[in-house]
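Enquirer: According to TrEMBL:
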| type | residues | note |
| --- | --- | --- |
| DOMAIN | B:269-389 | domain 'ABC3 transporter permease C-terminal' |
| DOMAIN | B:661-778 | domain 'ABC3 transporter permease C-terminal' |
| TRANSMEM | B:21-40 | transmembrane segment |
| TRANSMEM | B:269-290 | transmembrane segment |
| TRANSMEM | B:311-337 | transmembrane segment |
| TRANSMEM | B:357-378 | transmembrane segment |
| TRANSMEM | B:433-454 | transmembrane segment |
| TRANSMEM | B:655-675 | transmembrane segment |
| TRANSMEM | B:702-732 | transmembrane segment |
| TRANSMEM | B:752-771 | transmembrane segment |
Amino acid sequence: MEEVGVSSRVVFSTRGVTKVYAMGEMEIHALRGVDLDLYAGELSVMLGASGSGKSTLLNILGGLDSATDGRVMYGDQNLVRASDRVLTAFRRDHVGFVFQFYNLISSLTARENVSIVTEISRNPMTPEEALAMVGLEERMDHFPSQLSGGEQQRVAIARAIAKRPDVLLCDEPTGALDSKTGVRVLEALEHVNRELGTTTVVITHNAVIGEMAERVIQLSDGQVASVHVNQRRAAPGELHW
Amino acid sequence: MRTLRRKLIRDLAMLRGQVTAIAIVIAAGVMTLVMLVTSLDAIRLSKDRFYEEFNFAHVFVDLKRAPERVAERVREIEGVSLLQTQVQSPVRLEVPGFDDPVRGQVLSIPDGRQPDLNQLHLREGSLPESGRNDQVLLSEPFAEAHGLQVGDNLTAIINGRLKTLSVSGVALSPEFIYQLGPGDLLPDYERFGVLWMNRRALAASLDMDGAFNRLALSLQSGVPVEPMIEAVDGILAPYGGLGAYDREDQLSHRFLSQELDQLRMSATILPTIFLGVAAFLLNVLMARIINTQRQQVAVLKAFGYGNGAIGWYYGLLTGLIVLIGCVFGVVLGGWAASGLAGVYMEYFRFPAMSFRLQPRVILLGVAIAGAAAGLGTFRAVSRAARLPPAQAMRPPAPETYHQTALERSVLWRWLSQPSRIIIRNLSRHRLKAAFSVLGISLSGALILVGSFQFNAVDHLIDTQYRLVQKADTNIYFSEPVAPGVKASLLNQPGVTAVETFRDVATRLTHGHREYRTAIQGMDASRRLRGLIDTAYRDITLPGEGLLLTAYLAEHLGVEPGDTVDVEVMEGQRRTLSVPVAGTVNEPIGMGAYMERRALNRLLREGPAVTGAWLLTDQSREQALFDRLWDMPLVTSVGMIRESRTSIRRYIEDTMLFMMGFMLLLAGSIAFAVLYNNARIAFAERARELATLRVLGFTRTEVAWILIGEIGLLTLLSIPVGWGLGTALAWLLNQSISMDLFRVPFVITHQTYAFAAAGVVLAATLSLLFVARRLYRLNMIDALKTAE
Ligand SMILES: Nc1ncnc2c1ncn2[C@@H]1O[C@H](COP(=O)(O)OP(=O)(O)O)[C@@H](O)[C@H]1O
Ligand SMILES: [Mg+2]
């Protein structure tokens, strides 16, 4: 049933992934058996109502959290029940994160916020290159407080990609931004994806953004409701909301 | 409001670590106050009750011998209320089963009844029966030291005659609350005892029928004491009166009031230091805790809670913490006070320790703690309440940073990003960092204050017994003898060296200040008795003039070159003017010294000595003492080893006991301060630390940021703490000087190292506690929300 995308190499493969949060007496089933494949080099957009389990799934893929049950394969490595040390190494070596709240370190400049990652990576680009990729070469020595929200988010993207991660996971990267700055951030993501071929997953509740993706994954009630492959990808500049 | 109340309980539970730490700071401050003021009050109250209920006299005089009718002339002096004559004598005692020489003082009481003044508090048994000449009352500590019971016997040599005495009872006297043998500085209950006998029996033994050699009187209220002393002296001088004196010069009273003075100083200074530091820390800590809740305050305001409600809420939170701290402080303070008072009871014998908690003191402690905490809370809450509520809804704006000179330097490039984070965090919040450093330094300073005296006391003892008292035995003669006595002492068993001295009881006067002490005349070349200056070097004894202990010179207000009036308390009781040649730096006692021949000349006598210092072979000590004790000339034998032990024990029991508590409190405060610093640093950084974890930093690497920050603050605090601690210790040291001993202001390297180690230990423990939190830090939770 699946159509072939840019690549046919599977990077992430999840089968029957569940996540149960215990809240005192109550159990919350955030994920109820997720089967999903993500392909190398693709930019996917994950859509779904609030509470449908998007963040939970992304956190599990990125090794920030572990699944209650099921299988999460990264290549041939199973992340379920991996130790903290293995997950830390996994994040360090393979994953870049971008969050809704940029989570920059306020006491470090843009350049330093990037170099904090490049210093612990094996084959990073220079902070300058990373910042140039997101169009911030002019503002490298600014502290977060001296940057706009969109610029801060682009620093966060530069920080995420500077180590040349295999996957880039973004949880509502435009959630706190107006549409114009949001587009600038999406352009940066698209640019990185195209130039570096980084497998990218962008969570959003904004269906319009799905038009720029190769693959649109719809999550509902803790399960994958549908996966749709776009025949034609829109450029971020064409998007309006 | 109900929800707010629930939040209050949740907050208290959630902040329990920090709440406990703050409560410890409060408790420590309040405890210091309650402990010292309560034990001071207990001793003063017990003393006053004893004095009042047992008619402690106001004026005392010893004399050679006067017929009883002379007392009637004294009684007629205007202003005399009650009068009591007595006979008394030094005695030598033999207690079954105790080999060391025992000295005693035996005093008369009216046959079969209590005296009018200086009445006895009977602890056991009864007064000697009227008409019995073999019954005695013993002072309680002496009876206890030897396990003597009512009905037991002991032997006494009274006026050269051996007498077997039977114990009729055990008693305490307001005259001997501090029971000191002549020439002693500290009580030795085994080797000195006080006995009371029927007047008729004792007078018969002393050939003092119809006469008296001791008189005490009390004054009608409002009667000044000075003219009374002059009047009494006028009447009794022809009868060999040795000079009347008031309570100020009464041995037991003098020591007791000095101890009370010193306790009062400690009870003022230590609580001021501790409560002051606690108040400062409280202020800072409360402000910090509330700062971490700024966002919550804004949210509450956004939902329509007024400033009043928010102020009430945090006021209540603070109040509860203060209350917890105060309850602990008062309970522990009361408990420690009873411990401290109990220790004083060993040295100062009262019939009962009157112990009470004064509401005044508790209120004072609560008020100071409450005000300090309230102020910190108020500042922080009003700052938080000023925050526009809308800010709470948005992610926090990143804090403002700018580059500084340091960052353009070469050094900067060598720092890793986490190190840069540490340094930027500290340098961007200089005020906060400065307060943290000050807080930690103060806790380090308290440790230093609490510990320096331990080493200083070692220094004191070492000075006194290595540089000053170099003999191991001293003996006193019953009367002045020719210096040739030296030769016969050298022949005694185990004696390897002998040096003699001439001791004379005097009253030194300068202007309106006076002090009763002995002048000791000694040879210019000596080995067994050192005289040292402030640099601990030996001083050569000048051929003329007095050397005074520096503390005595200060007490009299004299400097080298001045003259003092020396009233000689023996023979013709002449008063002479003698120049002060210099001062000596002795930590113990209030002595005055002269070249021996100069003193002989001053006394218009030929070469004469009244005592000697001996170096002895310890293995033959018993034989030596037996021999000395058999010499009628020798009235007293003192073992310097014993006095060294007893003065150390005294200082340890009183001052160091107290400082031990202080040290414990200082340690708790240090921990509380550091724990709070670490917790707050953690709370403030949780988000950044979580971000770093997401980026792939390990727990250890992330922990470094926290450890580095606290570690750097701690390191910066150590020298500041040394400085502050030295200043506070100096302040405390200034306040503690007594006739008995002066602790030198010496802070050893060990003390500095100890204070630093205490702070580092507190920091390490705190970081370990916080590390647990770091370990459980949930990355997703920390990042999900705005704050
Ligand atoms: N730490 C947690 N504890 C309990 N429940 C949680 C936790 N995190 C998420 N959930 C619940 O799991 C479900 C999925 O949440 P999430 O993955 O954040 O959804 P989305 O990102 O799609 O909005 C929600 O019902 C949410 O309430
Ligand atoms: Mg989400």
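Note that the numbers count up from 1, one per residue, in the order the chain is shown.
Using the three backbone atoms N, Cα and C, a Cβ is placed for every residue, glycine included.
Keep in mind that TrEMBL annotations are predicted by a computer and have not been checked by a curator.
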Enquirer: Top stretch among B:311-337, B:357-378, B:433-454 for CB pairs under 8 A with the transmembrane segment (B:269-290)?
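Expert: Result: B:357-378.
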Enquirer: Who are the chain neighbours of the transmembrane segment (B:433-454) in space, where the CB to CB distance is under 8 Å and they lie at least 6 residues beyond its ends?
Expert: 273-274, 277, 280-281, 284-285, 426-427, 655-656, 659-660, 662-667, 669-670, 672-674, 677, 713-714, 716-718, 720-729, 732, 743, 746-748, 751-752, 754-756, 758-759, 762-763
Enquirer: Looking only at the domain 'ABC3 transporter permease C-terminal' (B:661-778), report the model's average pLDDT.
Expert: 87
Enquirer: Can you break down the domain 'ABC3 transporter permease C-terminal' (B:661-778) into helix, strand and coil residue counts using DSSP?
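Expert: In the domain 'ABC3 transporter permease C-terminal' (B:661-778), the DSSP-based counts are 99 helix, 3 strand, 16 coil.
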